[in-house]
Amino acid sequence: MATIINSPRDPNTLSNYNNWILTHITANFDILFDQKKLAGNVVHQLKSITDAQSQDIILDANHLDIGDVKVDGKQSQWELLPPLESYGTALKIKLGHAVKLNETIEVDISVKTTEKCTALQWLTPAQTSNKKYPYMFSQCQAIHARSIFPCQDTPDVKSTLDFNITSPHPVIASGLPVRDSPPEPQPDGKSLYRFHQTVPIPSYLFALASGDISEATIGPRSVVATSPDKIEECKWELEADTEKFINAIEKIVYSYAWGEYNVLILPPSFPYGGMENPIFTFATPSIISKDRENVDVIAHELAHSWSGNLVTNASWEHFWLNEGWTTYLERRILGAVHGEPYRHFSAIIGWKALSDSVEHFGRDHEFTKLVIDLKGKDPDDAFSSIPYEKGFNFLFHLETLLGRAKFDKFIPHYFTVFREKSLDSYEFKTTVLDFFQSDLEASKLLNNLDWDKWFYAPGLPPKPHFDTSLVDVVYELARKWQSLPESSFKPQASDIHGLAANQLVVFLEQVLLSEQLRPDLTKLMGEVYGLYKSENIEVANLYFQVGLKAGDESVLEPTASLLGRIGRMKFVRPLYRNLQKVNRTLAIKTFEKNRDFYHPICRAMVEKDLFGKKDN
Ligand code: BES
Ligand code: ZN
């Protein structure tokens with residue numbers, strides 16, 4: 001791949017954000033469900049930050065249909081640069097006159113998305129819950145915003161936003177609704193929905209969704225939004241914990257900055273567990289498990305309101321600053337609400353995910369480092385549990401090294417220093433060292449810490465000591481199963497009475513570690529414990545993994561059926577990988593059948609996994 005010029009810090013943008021920075025965006029879009037397109041214009045305020053009298057503006061763009069471009073009201077020359085794989089066809093706007101340092105210009109670009117857009121999914125009424133109306137939603141992280149409109153698609157630049165969106169159906173966006181202007185009816189049966197985001201945010205947090213969406217209160221500053229036929233069960237799932245979580249983290253960091261904290265439960269093809277879009281977390285319906293056992297996803301997305309959304313990684317090479325910090329804060333919330341053993345329990349689950357990822361990539365792989373090299377690469381390919389869990393372990397190590405009381409003082413300091421800014425790992429290190437400078441004992445420990453090893457050594461970090469009180473019982477149960485058929489262990493439904501779903505997850509992970517799994521025994525396990533029918537998808541998924549590994553044919557059909565009901569990549573990708581080992585024909589048939597159901601990102605990833613190629 002060609003070298004990218006003018007890309008300070010972030011190698012995954014083609015924009016020249018070292019010459020210009022985007023300070024405000026007005027996004028005017030019409031949601032055209034019949035064409036499966038957004039059409040409208042974006043107006044960018046761009047500030048010159050160089051004396052170089054640069055006359056060109058380069059913005060990221062991918063698969064866009066661009067109309068005319070006006071600079072300060074006048075038509076301007078523009079061209080699309082040759083495509084660079086994963087990074088797109090950048091838009092070069094020629095100014096024709098010099099702009100002085102600190103001066104701002106207004107660039108107005110007419111734009112339509114195309115069917116190749118990777119950030120949007122369009123669902124037919126048949127693909128929605130109550131099958132009445134079409135639906136659309138966006139997912140911009142990491143570098144997909146550029147397939148909605150031209151922008152500086154880098155987490156190193158933040159802008160405030162105005163959204164003016166027309167749609168025949170309710171609209172949700174990553175901004176607060178303009179309260180004094182309720183949806184304005186338009187001539188064609190559509191309404192205009194207006195939102196503001198007054199806190200500067202990076203492009204990857206731009207978000208939109210529209211469809212048959214209703215809302216219900218889940219706390220004093222929170223609503224859940226979803227299809228009207230699902231609203232009651234979503235309300236029940238989230239109303240007990242949301243405000244508790246917000247209160248817990250406000251004590252650890254500082255008060256919530258965004259006004260409202262809401263959750264949108266999406267249709268099942270949403271490719272992630274959750275996405276921390278400001279004001280409205282977007283979440284998979286698979287967290288609505290009717291047992292309130294998957295709300296840790298909400299604790300996680302809520303925590304991003306500080307780590308990620310206020311304090312942001314400067315590039316995807318330092319993604320651990322977003323996800324490692326968020327995983328750390330998520331577990332502090334869980335510890336505050338359910339007690340310290342639960343925090344450790346969650347960290348143990350995380351350690352397993354970390355070891356699996358290291359094994360998947362290989363111990364020496366670049367993507368097993370905390371700080372990674374993404375030059376010429378696609379951030380989606382690097383995505384794994386490593387930044388989450390290695391990042392968590394690094395922060396947990398600092399907490400243990402310094403002592404909780406001292407580390408707790410650092411947390412609000414860090415989030416204050418970098419509030420509304422982006423940073424890299426080197427700035428993180430300097431900030432830690434500076435903060436503890438006058439504390440001789442802490443300084444000594446920090447100076448002796450092998451920072452480079454933490455940042456750049458591939459593979460697993462040292463394993464900390466975790467409190468195992470919540471896992472011991474399920475490890476013991478897994479041992480009993482492993483002792484079969486020789487031992488006299490008689491499995492009964494009561495073995496799992498009183499266990500939380502997450503404990504069942506740990507049990508099944510432990511069972512999965514067995515070298516030899518007998519299909520008759522795994523089948524028995526499913527029958528005795530009712531695992532086939534679990535409404536908790538984490539449990540069902542792992543049970544199918546166990547069955548597939550054992551070669552139990554009776555899990556094939558339920559696995560294929562689950563793959564048609566959920567598009568969350570965390571489940572879909574491993575299930576396809578393992579299904580194809582047992583029955584490749586069924587895996588391919590299932591994929592072809594559900595192709596249109598999956599989100600474009602998920603579809604591309606599964607294609608890579610199954611056929612080793614990229615969708616285009
Ligand atoms: N920001 C991520 C999701 C993401 C990461 C989307 C990278 C696109 C590119 C989100 O906060 C997340 O981590 N979600 C997890 C939830 C979990 C760790 C509780 C998920 O989707 O599983
Ligand atoms: Zn996250």
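Here the Cβ of each residue, glycine as well, is placed from N, Cα and C on the backbone.
Between the candidates Glu317, Glu323, Glu340, TrEMBL assigns the Zn(2+) site shared with His300, His304 to Glu323. Secondary structure at Gln141 (peptide binding site), taken from DSSP and collapsed to helix, strand or coil, is coil.
With respect to ligand 2, the recorded positions Gln141, Tyr272, Glu301, Glu323, Tyr388 contribute Glu323 as residues with a C-beta closer than 6 angstroms to one of its atoms, given in sequence order.
For Gly274 (peptide binding site), other Cβ atoms within 10 Å of its Cβ number 24. Residues His300, His304, Glu323 make up the record's Zn(2+) site, and a Cβ search at 8 Å around their centroid adds Gly274, Glu276, Glu301, Ala303, Ser307, Gly308, Asn322, Trp325, Thr326, Thr327, Leu329, Glu330, Tyr388 from the same chain. The CA atom of His300 (Zn(2+) binding site) is located 16 Å away from the CA atom of Gln141 (peptide binding site).
A 10 Å cutoff on Cβ-Cβ distances gives Tyr388 (active site, proton donor) a total of 25 other Cβ atoms nearby, all chains included. It is 13 Å from the Cα atom of Tyr388 (active site, proton donor) to that of Glu301 (active site, proton acceptor). Using CA atoms as reference points, the recorded positions Glu301, His304, Glu323 were checked against Tyr272 (peptide binding site), and the closest is Glu301. In the domain 'Peptidase M1 leukotriene A4 hydrolase/aminopeptidase C-terminal' (469-610), helix, strand and coil residues by DSSP number 99 helix, 0 strand, 43 coil.
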